[in-house]
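Structure first, then comments.
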There are 2 protein chains.
Amino acid sequence: MELRIALAQVNSAVGDLDANSSAVRAVTARAVAAGADVVLLPEMVLTGYPVEDLALRGSFQRAAAARLQTLAAELAADGLGATAVVLGSLGTARAERPTNVAAVLRGGAVEAVYTKHHLPNYGVFDEYRIFAPGDPDDVVVVEAGGHRLGVAICEDIWVDGGPVAAMADDGLDALLVLNGSPYEFGKGAVRRRLTRDRARQLGCPVLYVNLVGGQDDLVFDGHSFVVDAAGDLVAASPGFVEDLLLVALPGDGAAPTTPAGYALPPERSDIAQMYEAIVLGLRDYVRKNGFEKVVLGLSGGIDSALVAAVAADAIGGENVVGISMPSRYSSDHSRDDAADLARRIGADYRVRPIGPMVEAFLAEMDITGVAEENLQARVRAVVLMAVSNSEGPLLLATGNKSELAVGYSTVYGDAAGGYAPLKDVLKTHVWELARWRNEAAAAAGEEPPIPWSSIEKAPSAELRPDQKDSDSLPDYDLLDNVLEGYVERSLGREELLDSGFDPETVELVLRLVDRAEWKRRQYPLGPKVTAVAFGRDRRLPVTNRWRERL
Amino acid sequence: MELRIALAQVNSAVGDLDANSSAVRAVTARAVAAGADVVLLPEMVLTGYPVEDLALRGSFQRAAAARLQTLAAELAADGLGATAVVLGSLGTARAERPTNVAAVLRGGAVEAVYTKHHLPNYGVFDEYRIFAPGDPDDVVVVEAGGHRLGVAICEDIWVDGGPVAAMADDGLDALLVLNGSPYEFGKGAVRRRLTRDRARQLGCPVLYVNLVGGQDDLVFDGHSFVVDAAGDLVAASPGFVEDLLLVALPGDGAAPTTPAGYALPPERSDIAQMYEAIVLGLRDYVRKNGFEKVVLGLSGGIDSALVAAVAADAIGGENVVGISMPSRYSSDHSRDDAADLARRIGADYRVRPIGPMVEAFLAEMDITGVAEENLQARVRAVVLMAVSNSEGPLLLATGNKSELAVGYSTVYGDAAGGYAPLKDVLKTHVWELARWRNEAAAAAGEEPPIPWSSIEKAPSAELRPDQKDSDSLPDYDLLDNVLEGYVERSLGREELLDSGFDPETVELVLRLVDRAEWKRRQYPLGPKVTAVAFGRDRRLPVTNRWRERL
């Protein structure tokens with residue numbers, strides 16, 4: 001008998017049990033109306049992900065457990081009780097930690113619970129801190145319409161052994177994999193290859209559903225997909241949007257099929273995907289934290305121009321407050337480019353020269369050199385935060401990864417802000433993204449959002465006369481290559497020299513990065529904890545709808 | 001045969017392999033001169049602790065491994081090769097992570113390596129992220145002078161099972177435990193009880209050596225000690241200072257003995273210990289990061305007065321730059337108290353009224369209400385950071401845990417600073433610490449450092465006319481009790497109500513804390529990472545002497 005399975009790629013918010021639960025009910029109703037017998041949802045969709053130390057709070061654990069039971073009953077009351085709904089949530093504690101689970105809801109009850117076995121604990125993941133692992137032999141197989149569907153969660157298919165190996169001889173008709181897999185440059189190909197290998201290992205199709213949406217410093221890209229038993233791609237959801245993907249498992253062990261008229265979404269370029277990830281991350285950070293607008297300083301340079309264009313794409317240009325804050329070192333072309341950009345994206349544009357405020361400090365104190373450069377950047381931050389406090393918009397920091405890595409920014413100055421859309425984007429990618437966005441606009445017959453002169457002129461901080469980035473830093477092509485080795489790949493000095501970089505450049509970049517890294521950590525906003533009397537701050541999500549007081 | 005063992009309670013710095021190695025050589029020479037046959041040093045003393053993600057850098061792993069071999073040879077060259085030196089360091093990787101090890105150096109070589117089995121991964125610890133655990137059956141027993149000495153590292157004795165259980169029938173003559181155990185209020189009694197239980201379990205004395213010194217947001221308190229097979233205390237080092245503690249194990253299985261003239265150090269009160277922890281944490285943060293001076297705003301209030309007194313105790317009053325920055329809302333008594341404090345501690349005292357700078361912003365922008373309060377705090381931060389940038393002192397933030405918890409502070413304003421000595425100190429403890437410090441001075445016949453009026457007056461932020469903390473917050477005794485339940489013990493709303501707090505107070509405090517926690521995380525200095533292209537920042541220590549470029 002043919003079994004129809006819907007992969008529901010949804011966007012949930014950490015802590016918002018009611019809204020996430022409503023989203024599950026709504027998408028299940030849509031899936032069933034489209035003919036689905038089974039609905040598959042992402043990892044921890046009910047609680048949001050990553051929950052960080054919120055998972056450790058007893059009151060939240062109890063609320064999540066209760067919400068899951070209620071959801072099962074609500075689905076039945078909605079007339080969806082015959083459908084098997086497989087979704088991720090927070091599970092009952094084992095020993096002293098809760099678990100990361102996939103629950104199977106059917107017939108108004110929680111029919112089965114699978115506990116994630118392989119817990120990632122590297123890079124952005126800290127799951128050993130907050131979860132207890134499931135027993136690798138405690139597998140869950142969902143029976144539906146004569147089919148046997150194995151269940152696994154994300155990291156379970158990235159590591160050999162564990163539940164996938166335990167199910168190898170179970171005669172599965174398909175493997176359902178619930179994921180909370182964040183976007184990384186080029187990760188799509190890795191996911192496909194890995195899933196292909198698991199399909200071949202199990203000899204059955206694999207259905208991979210992923211979260212979509214921004215959550216604090218992560219962006220989940222969606223890109224859910226289905227491969228057949230040979231590992232070949234059958235169907236896929238687009239990235240960076242919610243989606244409902246329907247496939248059917250024939251009763252005869254043949255490959256999964258797609259509905260009439262279905263076509264695979266086009267592949268996007270790496271730069272296009274990066275742009276979409278940045279837009280989605282910004283939009284969800286703003287909206288999930290309850291903001292309507294953003295504010296940022298517009299210098300006329302490429303970084304603030306790109307951030308403004310991203311913000312306009314994310315929440316609409318009319319919700320972007322752009323403030324030009326010229327000093328005596330600002331060039332005319334900078335002011336013109338800032339105004340031109342604001343016009344192109346339809347921003348709420350204001351001009352606020354900082355001369356009088358800077359002069360007030362200089363009249364009282366003896367401030368020169370780099371301290372004077374920092375003063376200008378900090379006066380601008382005070383202006384921007386006053387607008388944020390008075391009118392409510394979220395302040396965006398416009399720094400890119402290259403300049404932040406080498407410390408080419410001011411603590412409590414241009415580094416100030418609640419969200420920095422380019423913090424993980426190297427300067428060479430900033431230019432590529434700006435060109436891509438402008439060319440996409442031109443191809444669509446629209447006015448490009450970013451003034452071409454902002455893209456083409458030599459970068460300058462304009463904090464002293466005739467200052468250029470190239471006075472202090474290597475050429476950005478070279479700098480980004482060294483940063484890629486030193487920061488991303490953790491290469492040491494010797495390894496960088498062996499890669500062919502010249503000793504002077506390596507020396508300069510390592511000195512700048514080490515110093516900047518130290519300064520950045522030395523001036524955190526949430527200042528140092530002395531661990532006197534109590535422990536270090538727990539790690540909680542920023543975007544977190546869970547409130548004890550509700 | 002009697003075996004003499006020295007417990008070397010030393011202060012090491014993360015990443016400074018050369019200095020830490022020299023410290024091991026120096027203290028070993030002193031111990032041997034005092035008659036020691038075995039020298040026991042703390043967990044990861046060679047690399048410093050906690051190393052955070054520095055442990056994952058291949059170049060650092062290789063450097064630490066090489067340094068350990070070199071150290072063994074140097075000890076032999078120093079004429080100390082006959083002594084068994086047991087010390088903590090970073091061990092060779094298993095799978096993809098390095099290990100946390102205790103190495104036994106003797107005869108110019110690394111004789112044995114024990115790998116920590118139980119890895120703490122809660123609160124301030126994240127050891128699963130950076131270490132692979134050792135096999136629980138791979139025990140190391142050091143043979144010296146006919147004695148058999150088992151080896152364990154910190155968490156190994158906090159958890160049942162593992163290597164301590166594996167050694168239960170090994171006929172040990174003593175257990176050596178290397179620790180990196182940070183100070184917490186009341187933790188000493190827990191350590192003693194735990195160690196007593198392990199001594200009884202093994203039927204032998206336990207020698208517990210701990211790191212001492214501040215390392216970023218942790219303070220290691222030392223307090224090394226020795227118990228006999230019954231778990232009774234034989235000898236102990238004082239807290240918060242380096243120390244060398246010598247005990248002897250008689251050859252006949254009798255209890256350990258101490259040298260003639262040895263006396264246990266006096267027990268200090270909880271408040272005295274907290275004060276010492278704050279002083280040590282500040283001193284080491286300043287010195288290990290290469291600063292000589294600190295700068296802070298002196299308001300005349302209790303928080304800045306206590307921080308200034310702590311700083312004077314830590315690095316000398318002459319190295320404390322205290323700046324009074326009165327506004328039109330500042331009272332006369334505040335200015336007087338600030339000046340009086342500065343005189344008492346011998347600070348470099350300056351007065352810088354902020355009126356002209358604040359007026360410059362108000363003349364250009366329409367800023368009122370809370371935004372105007374924040375403006376004043378931010379102008380002060382700009383003044384303080386200008387001094388920091390021009391003259392080099394580290395800026396201290398003076399906020400306490402209670403006000404930070406409820407958001408009674410300004411982002412980029414009074415929350416600015418590289419180190420916040422009171423961040424983990426509740427307001428009620430701030431008053432207790434100030435009184436304790438003044439009374440200790442009076443008892444010693446010295447002038448108390450803190451003006452009594454700063455301790456006794458009602459707390460006020462003085463950001464608007466006649467403002468008092470009590471306008472916005474519950475009484476601090478009550479507030480701190482609710483915070484202790486909600487923040488420290490993670491109690492939920494229902495549990496707090498069950499504890500007897502009235503609903504209005506619970507409602508207010510939970511709303512303030514949730515909002516403040518959100519704002520604090522929303523405005524980090526290292527702004528949000530979008531995980532585009534590359535991963536989230538690795539966690540590196542602030543105080544970190546390891547530099548690739550060296």
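Including glycine, each Cβ sits where the backbone N, Cα and C put it.
Caution: TrEMBL annotation is automatic and unverified by curators.
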Figure out which of B:Thr195, B:Thr398, B:Thr410 sits with B:Gly297, B:Leu298, B:Ser299, B:Gly300, B:Gly301, B:Ile302, B:Asp303, B:Ser304 in the ATP site per TrEMBL. B:Thr398
Nonlocal neighbours by CB distance (under 8 Å) for B:Glu403 (deamido-NAD(+) binding site), same chain, sequence gap 6 or more: B:Asp303, B:Ser409, B:Lys427, B:Asp469
Within a 10 Å radius of its Cβ, which of these recorded positions (B:Lys116, B:Lys519) has the fewest neighbouring Cβ atoms? B:Lys519
Tell me which of the recorded positions B:Glu43, B:Ser181, B:Gly297, B:Ser299, B:Thr398 ends up closest to B:Lys116 (active site, for glutaminase activity) in space, Cα to Cα. B:Glu43
I'd like to know which binding-site residues lie near chain A: of B:Tyr122, B:Gly297, B:Ser299, B:Gly301, B:Asn374, which have a CB under 8 A from one of its CB atoms? B:Tyr122, B:Asn374
In three-state DSSP terms, the structure that B:Gly301 (ATP binding site) belongs to: coil
Who sits close to B:Lys187 (L-glutamine binding site): which same-chain residues at least 6 apart have their Cβ under 8 Å from its Cβ? B:Ser181, B:Asp221
Can you count helix, strand and coil residues in the region 'Disordered' (B:445-475) using DSSP? 9 helix, 0 strand, 22 coil
If you skip the near sequence neighbours and keep only those at least six away, which residues in the chain come within under 8 angstroms of B:Thr398 (ATP binding site), Cβ to Cβ? B:Leu296, B:Gly297, B:Ser299, B:Asp303, B:Ser304, B:Val307, B:Asp414, B:Gly417, B:Ala420, B:Pro421, B:Leu422
Around the recorded L-glutamine site (B:Tyr122, B:Ser181, B:Lys187), other residues with Cβ within 8 Å of the Cβ centre, ordered by sequence, are B:Pro120, B:Gly123, B:Val124, B:Phe125, B:Trp158, B:Pro182, B:Glu184, B:Val190
In the same chain, which residues outside the set B:Asn374, B:Glu403, B:Lys519 have their CB within 8 A of the centroid of the CB atoms that define the deamido-NAD(+) site? B:Gly407, B:Tyr408, B:Ser409, B:Thr410, B:Val411, B:Gly413, B:Ala415, B:Ala516
By Cα-Cα distance, the member of recorded positions B:Tyr122, B:Cys154, B:Gly301, B:Asn374, B:Lys519 nearest B:Glu43 (active site, proton acceptor): B:Cys154
